[in-house]
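A short worksheet on the structure shown next.
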Amino acid sequence: LLLLLEATLLQLVSGSHHPFYNGFYYNHMMNDMGNGEDKVDYFNGARLVVETSKDPVYSYSGANVTLPCHYHYEPDLGDKRKIRIKWSKLRDDYTKDQDVMVAIGKTYVAFGDFKGRAHIRQGSRHEASLVISDVHLKDDGKYRCEVIDGLEDENDVIDLRLRGIVFPYQPPRGQYRLNFHEAEQVCQDQGAILANFNQLFQAWSEGLDWCNAGWLADGTVQYPIRLPRKPCGGVHLAPGIRSYGPRHRHLHRFDAFCFSSTLRGEVFYLDHLDGMSLEEAKQSCQDAGAEIARVGQLYSAWKFLGLDRCNAGWLADGSVRYPIVKPRPNCGPAEPGVRSFGFPSKGRFGVFCYKER
């Protein structure tokens, strides 16, 4: 079925026989008699129009979301036509689009990570909306809704944005130690993904100021500056996102900007009177029916759940951090944020645990 759908679309989109255009619109297809003869339908002045939302659609990790898409003819043809619908996701690095779904009538096939999570909603006569369930972090981005009627092929693009938080990340071995692929992995290890430019820009507009350059999902290296200063591009440059442009994904090394969304569970703090080592901290979380929290989970709990704790705790990567929503004496700087003690080789602290609801 998959091969049939793809072959049909390829034949429709890139067939070698194109009729001479004389003011009519053509729909070239097999006739309904099934005898192998072709027929040509002529639509005098009819134009296929595809429309999606001009405003971004916002969602969050684990939710269900609908990306609206509708089509119509100008003038209206009246009868319902047999059309093909194709959804694809535009990649951050502008390489070939990622196939999401192909539908012909009531038959559809979803691809890759979208299998079992995506379907077409056709609640009205000319609707081709895409429904995605259990939204993943990587679902954030631009999507193309393409409608194919014979030789007519029109599309429009819609933006799906996840509500989340961007945080800079350095591994235990220090600054600028990650190539692009290692940066992808460390973000994944922390319950996050590499941020894209729109996510970094949103974080900058909300106050993120960070002077260390980090990888983004499109393979560029950038960093957000709110307060211009000499070590961060110079005092005479305006605030904004500083960019090194695309870097070599294997040879060049920087930090990472990770993106995490809302949580399905909760982050909570545990402590013993004399503190815990990292191994003891992991065991304490397990004893509580949870697991030691990852960095992305702590940031998400701080931003979306208001987690505020002036006690340092271990995290899964071996770092020690604590989240502050309401700054106060003896709890770090005067601004809200997630404070870090780095990666102590020894010491005894509490622990932040994460438990699914």
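Even glycines carry a Cβ here, placed using N, Cα and C.
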Task = In TrEMBL, Cys232 sits in a disulfide bond; tell me which of Cys211, Cys258 is on the other end.
result = Cys211
Query = Just how many other Cβ atoms lie inside 10 Å of the Cβ on Cys331 (disulfide bond)?
reply = 15
Query = If you draw a 10 Å sphere around the Cβ of Cys211 (disulfide bond), how many other Cβ atoms fall inside it, taking every protein chain shown into account?
reply = 14
Ask   = Between Cys310 (disulfide bond) and Cys232 (disulfide bond), what is the CA-CA distance rounded to a whole number of Å?
value = 30
Request  = Among all chains shown, work out which of the disulfide-bonded residues Cys232, Cys310 has the most CB atoms within 10 A of its CB.
outcome  = Cys232
